[in-house]
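A short worksheet on the structure shown next.
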Amino acid sequence: MSIDLKSRFLQVYDSLKSDLIHDPAFEFDDDSRNWVERMLDYNVPGGKLNRGLSVVDSYKLLKQEELTEDEVFLACALGWCIEWLQAYFLVLDDIMDESHTRRGQPCWFRLPKVGMIAVNDGVVLRNHIPRILKKHFRGKAYYADLLDLFNEVEFQTASGQMIDLITTLFGQKELSKYSLSTHQRIVKFKTAYYSFYLPVACALLMFGENLDDHVQVKDVLVEMGTYFQVQDDYLDCFGSPEVIGKIGTDIEDFKCSWLVVKALELADEQQKKLLNENYGRKDPASVAKVKELYHTLNLQGVFEDYENKSHEKIIKSIETHPSKAVQEVLKSFLGKIFKRQK
């Protein structure tokens, strides 16, 4: 990722933000304009920006020649729509999970003057996406396809979040509900579509492709998204909070994490009893017992093995694709996440 592209990408953010806080469809005053600007700056550009930048990278690899200034702007704008979608999900997700930190700072709803206004802010973030698309893509042949794509992916993600939440309903802590297939279903819908398929699908639409012709690409990206979430589950427990920017709470939150699913597969009856008694409890002693069991079961080794096998399998799937340019797009995506630490 060149520094040039990242700084160009951030310039496009400033331009989109300026459009939104001067949107003629609403009568802004100083208070509302300042609120939206502060809310955007706090929640939208703070992450690694991988999803957004991937649209530009993918489009470049598909086009295989220098992009015009206009193409760079449009690819960046689509990338930012994904970052806006991500911000909308995270603002609401943090409230539902009662999280404390996100990207190394307090969650938006935890700020003294924000609180539950964050719910409406989430709705505002979601509504910014069609505003951006309308302003910059309305005249394009693929405009309707873009709107469809964002709506479809939002529905899939919200439905994945729903399975995640109802599987972890408070007062119904049943570890027996947790299996690899439940985990994969949550991950496929909650993470893989918006984090992996959406950026490449945006680039393909911009390039003039029909998404119905790229089901294989979708399948590979969903597989990659599953691998990414397993990494996330692993880092939640074994990653360093300073590096990942948040304190993992999957154990306390009774999450259907890959680690607990694997632990249930490998544990003997005594160890399962320990898991049932301690998983999903907020007190540090219970969390420590679960982590200790993860170490005893060598889940670090099990994860390493999974990581290497997944990488091999995904590479094989990619190499069956007829287009070398599409292969490059998929391999560059995989390269960004393989053996990541955050």
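Backbone N, Cα and C atoms are what each Cβ position is placed from, and that goes for glycine too.
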Considering the isopentenyl diphosphate binding residues Lys48, Arg51, Arg103 given in Swiss-Prot, which of Gln11, Gln86 is annotated for that site as well?
Gln86
Among Gln216, Gln229, Gln270, Gln271 - the residue Swiss-Prot places in the same dimethylallyl diphosphate site as Arg102, Lys190, Thr191, Lys246, Lys255:
Gln229
Of the residue ranges 93-97, 148-152, 153-157, 223-227, the one that Swiss-Prot records as motif 'DDXXD motif':
93-97
Which range, 232-236, 292-296, 332-336, does Swiss-Prot list as motif 'DDXXD motif'?
232-236
Among Lys48, Gln86, Thr191, which are recorded as binding-site residues, the nearest neighbour of Asp93 (Mg(2+) 2 binding site) by Cα:
Gln86
Among the binding-site residues listed here (Asp97, Thr191, Gln229), which has the Cα closest to the Cα of Arg51 (isopentenyl diphosphate binding site)?
Thr191
Would you kindly give the Cα-Cα distance separating Lys48 (isopentenyl diphosphate binding site) and Lys255 (dimethylallyl diphosphate binding site), rounded to the nearest Å?
24
Rounded to a whole angstrom, what is the largest C-alpha distance between any two of the residues Lys48, Arg51, Gln86, Arg103 that the record assigns to isopentenyl diphosphate?
15
Report the same-chain neighbours of Arg102 (dimethylallyl diphosphate binding site): residues 6+ apart in sequence with Cβ closer than 8 Å to its Cβ, ordered by sequence.
Leu90, Asp94, Trp108, Gly245, Lys246
